[in-house]
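One structure is given below, encoded as structure tokens.
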């Protein structure tokens, strides 16, 4: 038991308790007089060992799989829930709808809380609550109790989806982060696909109580994930620095009593954090780029949850397969997500080589994957609809179409989320919250109309309607690729400059004095402003910034990215 405790405590072992930290070294102070990370500081999350960071990444991904698996699992037991509680199957579909509505509320609650208190304790509280309310679902005495339990589990399950990307940005640099985010995005599609498969077989084998076993599986999976979850450390840089300042002041009040962390200097209250976090997403939602991206991603997300109703129609009602085997074709969407993730990994590798070669990059360079995904989306939707419409067509044909449909989902999803990040910079947190709210709200409606729509129009007609919408949306990434830069310049929330203006700023900076260069070197040793955690700090504090300060932050971001790319190139050359 002692060995197990030592093993589990290793990821959370405080760096300052290790022998690697020299107590004789004075704390690093930035130009504002606040404590900060020194170059190579082992207390900086991005300086932790690779194994430690991979461990944290795996735990975060497991929490995300829990959340996405739980979102769709009951869809394989809708008939059992309907019969057990004596409600219609449409009403039983509310167990999916209310869970996804919890996704709408979650980002507005947990993103500001993590900004104020850090990542770790938000994970602890929300994930334990998620597991606890699954007990309410499993042992619900009536249908109303089940619906309340699903709404609450959805709300608390949204915390990993909201905060896990921030954790990945805390611990990985901009180059390494691309692969970690691709893995996160894959799990947002793999989890929902696995849920109905498992619940379908549980309903088949466990009879009247099969729907309850679906929740038992969620409880067991969540309980197993909670063990490593309690071992992940705090990764949010402002909170890590705050804890460091408090520790040093307690260690030697006379020597370090004057030290303060940047978070203490700003003096922001939780109320002010919530005010910005609740208002700005709605403002950014109607910005042209954010609005069109939200529409496109919402259609993709809605279709993802429509598939959990479409596949039973195609393979169970039309072909007569049982509830277990009838869900197996959904595994094709898992394969498609893996294929899409592989394409993203390959593209990330090419982008890295281009950056190392000195080729300039802009936000619109993120869009080719969305262009490809949009074309594949429309083609594969028509392919699926009309191959599934006829039982004479082998089952493998629509299943293969589902593979490419899922691949297109992932390409669109990853490409657009990266594009939003590069477009809105310090407002990324609000842009992501707006996108999450819109797509979750649309996905929540899917179980309420899918059955009626496809039974009225037929699989071919219903699928063609969705395919037609996909065709209408397909030109959007092409339009952004050509005109996106000019749109961004006119946007109130996309603080980016055209290439000429940026080049002019760079030339002006070269003419600045030595003192300014030294100050910039000092700033380059502070936390990475490219991380989404830092973006949240900037975004939530943006009301207190002048335009000049905002521009300095943007220029700092560009300089730091270039410096990091040069370091990667130097390491690559040394390896060769």
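Backbone N, Cα and C define each Cβ position, glycine as well.
Nobody curates TrEMBL annotations by hand; they come from automatic prediction.
Per TrEMBL, the stretch carrying the note transmembrane segment among 9-33, 234-258, 259-283, 284-308 is 284-308. Checking TrEMBL for transmembrane segment across the ranges 153-172, 213-232 points to 213-232. The feature transmembrane segment, as given by TrEMBL for the ranges 367-386, 427-446, sits at 367-386.
By the Cβ criterion (distance under 8 Å, sequence gap of 6 or more), the transmembrane segment (328-346) is not counted as touching the transmembrane segment (461-481), fewer than 3 such pairs being found. The stretches the transmembrane segment (122-141) and the transmembrane segment (180-201) do not meet in space: the count of Cβ pairs below 8 angstroms, excluding pairs fewer than 6 apart in sequence, stays at fewer than three. Against the transmembrane segment (213-232), stretch 54-70 shows more Cβ pairs under 8 Å than any other of 54-70, 180-201, 284-308, 461-481.
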